[in-house]
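Going by Swiss-Prot, these are the annotated features:
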DOMAIN    32-207  domain 'BPL/LPL catalytic'
BINDING   R71, G72, G73, Q74, V75, T76, Y77, H78, S138, L139, G140, G151, L152, A153  substrate binding site
SITE      K135  site 'Lowers pKa of active site Cys'
ACT_SITE  C169  active site, acyl-thioester intermediate
Amino acid sequence: MYDNALHIRHLGKQDYESVWHAMQHYTDNRDENSQDEIWIVEHTPVFTQGQAGKSEHILNPGDIPVIQVDRGGQVTYHGPGQLVVYPLLDIKRLKIGVRQLVTHIEQSIINMLKRYQIEAYAKADAPGVYVEERKIASLGLRIRKGCSFHGLALNVDMDMSPFQRINPCGYAGMEMIQCKQLGGPQTVEEAGRQLIETLSQELGLDKLVHHQGLPESYE
C-alpha cells in the first residue's frame, strides 16, 4: 500500500544502463499502491543522448560510451563527482503537472545552493539551473503512465573536461560550472543530503524513508 512517504534509495556508484533499466522496470510496473521514490546515484563516465538529441552535438566522445536514452532533452555527461537524482513519482497522485515538477526540481536546487550563498537561477527556455550564465545542473525527464523517471544531474566535484567533447544540452559553447568552484557542497554525499531536504520540502512530502541499493527485484 502507498504510505504517503518519500522513499530515498542511496545507490552509491553504479553504471548508467543498469540503473536506467531498473527505473524503466519500476515505472512500467507501478500501480496506485506503488511508493514514490527518489534514487540518488553517482555514475561511471557516460554520455547520454536524449530523444531530441542530434548526433552533431557529440563532438569527440573518445573512450566514453554514448547511450541513446528515452528521456527528454539533448546530450549530457555523467561521471564521478556528479550527483544524479532520479525522482520516480506518481505526479497524477501528487496532483502536479510536468511543468510544475520541473519547476519544483529547479527550485529545490536553487534553494539548496542558496544555503551556501550561491545565487542560482532557472531559465524559462532552457531547463536546468545556472550560476552567472554557466550551467551547474542539467535536467531531463520522462513521464509514462502519469509517473516520472530520469531526473537531474548536479556538478559537485568532478573532472569537467568530458563536457568539452559535446555541446552540453545541445548548446555549442555552453559553459559548465560545479559546486566546488563556488564554495558549495564539496562531496556528492553532502550535496545529496542537502538536496533531498529541499526537494522533499518543494514536493510537500516530509515523511522520508531511507534505503540502501536498488529494489531487490531489479538488482
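Placement of Cβ uses the backbone N, Cα and C atoms for every residue, glycine included.
Structural mapping of features recorded in Swiss-Prot.
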| residue | record | contacts (Cβ under 8 Å, 6+ apart) |
| --- | --- | --- |
| R71 | substrate binding site | T48, G50, Q51, G140, L141, R142, F149, H150 |
| G73 | substrate binding site | G50, Q51, A52, G53, P127, S138, L139, G140, C169, G170 |
| V75 | substrate binding site | F47, T48, Q49, G50, G53, H57, I58, V66, I166, N167, P168, C169, G170 |
| Y77 | substrate binding site | P45, V46, F47, I64, P162, F163, R165, I166, P168 |
| K135 | site 'Lowers pKa of active site Cys' | G128, V129, P168, C169, M174, E175, M176, I177 |
| L152 | substrate binding site | V84, V85, I105, I109, A137, S138, L139 |
Cβ atoms near S138 (substrate binding site) (within 10 Å, other residues, all chains): 26
Recorded substrate site residues R71, G72, G73, Q74, V75, T76, Y77, H78, S138, L139, G140, G151, L152, A153, farthest C-alpha pair in Å: 16
Cβ neighbours of G140 (substrate binding site) where a neighbour is any other Cβ within 10 Å: 24
